[in-house]
Amino acid sequence: MGKVRAFFSRKGRGNSSGRSRSMREAAMNVDWSPRPSDLAAAAAAKPRPPAAEDETERVFRKFDANGDGRISRAELAALFRSVGHAVTDDEVARMMQEADSDGDGYISLGEFAAISAPPPGDAAAAEEDLRHAFGVFDADGNGVITPAELARVLRGIGEAATVAQCRRMIDGVDRNGDGLINFEEFKLMMAAGAGFGRIAS
């Protein structure tokens with residue numbers, strides 16, 4: 001779910017440099033605003049391994065509710081609202097305009113993959129994106145992700161997640177044994193590519 005964290009981390013940035021870094025990090029705020037140079041950099045980047053491609057496609061399918069191979073404005077808004085993030089029609093229109101590089105009014109898998117790729121060498125942006133993604137899961141803002149908070153977000157994006165399953169997922173990354181995920185544990189998990197994308201059985 002590294003990509004989902006990307007999608008939800010850009011809402012409400014007031015300065016253009018924050019918006020220009022792209023739509024990355026949905027998983028979970030909103031303001032994805034790639035510049036053409038960001039899209040070109042993502043396209044020129046070395047190919048991603050199959051696991052990253054599979055993850056990108058899996059997240060894309062979460063957005064593409066009707067399965068037609070493209071994300072519509074309504075699908076984009078519905079997903080964000082389903083995880084409790086109010087987005088205005090203007091925000092959705094801006095996201096669509098900035099992500100839709102071919103101007104057809106939809107986001108294709110290729111456009112989605114291009115805007116999901118982090119810009120090369122931008123460690124500060126990556127850290128900021130992780131903080132925003134963490135904040136989406138940490139609904140009460142107390143600095144840790146609980147099993148219930150994790151289950152809420154996963155259910156919001158269409159994953160059938162119980163609190164018990166989320167406890168097991170947390171156990172896999174909980175280094176201090178408190179049954180919760182703090183930001184440092186979250187960073188390690190995302191860096192390892194574990195994510196929350198696969199529900200424990």
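In case you wondered, yes, glycine gets a Cβ from its N, Cα and C as well.
Copied from Swiss-Prot, the annotated features are:
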BINDING   D64, N66, D68, R70, E75  Ca(2+) 1 binding site
BINDING   D100, D102, D104, Y106, E111  Ca(2+) 2 binding site
BINDING   D138, D140, N142, E149  Ca(2+) 3 binding site
BINDING   D174, N176, D178, E185  Ca(2+) 4 binding site
DOMAIN    51-86  domain 'EF-hand 1'
DOMAIN    87-122  domain 'EF-hand 2'
DOMAIN    125-160  domain 'EF-hand 3'
DOMAIN    161-196  domain 'EF-hand 4'
REGION    1-55  region 'Disordered'
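Cα spacing between D140 (Ca(2+) 3 binding site) and D178 (Ca(2+) 4 binding site): 17 Å, rounded to the nearest whole number.
The Cβ of N66 (Ca(2+) 1 binding site) has 10 other Cβ atoms within 10 Å, all protein chains considered. Within 10 Å of the Cβ of D100 (Ca(2+) 2 binding site) there are 18 other Cβ atoms, across all protein chains. Annotation for D178 (Ca(2+) 4 binding site): spatial neighbours V144, criterion Cβ-Cβ under 8 Å with sequence separation of six or more. Listed binding-site residues: D68, E111, E149. The one with the lowest count of other Cβ atoms within 10 Å of its Cβ is D68. Most Cβ neighbours within 10 Å among the binding-site residues D64, E75: this distinction goes to D64. According to its DSSP assignment, D102 (Ca(2+) 2 binding site) is coil.
Y106 (Ca(2+) 2 binding site) has R70 nearby among the binding-site residues N66, R70, E149, N176, counting only those with a Cα within 10 angstroms of its own Cα.
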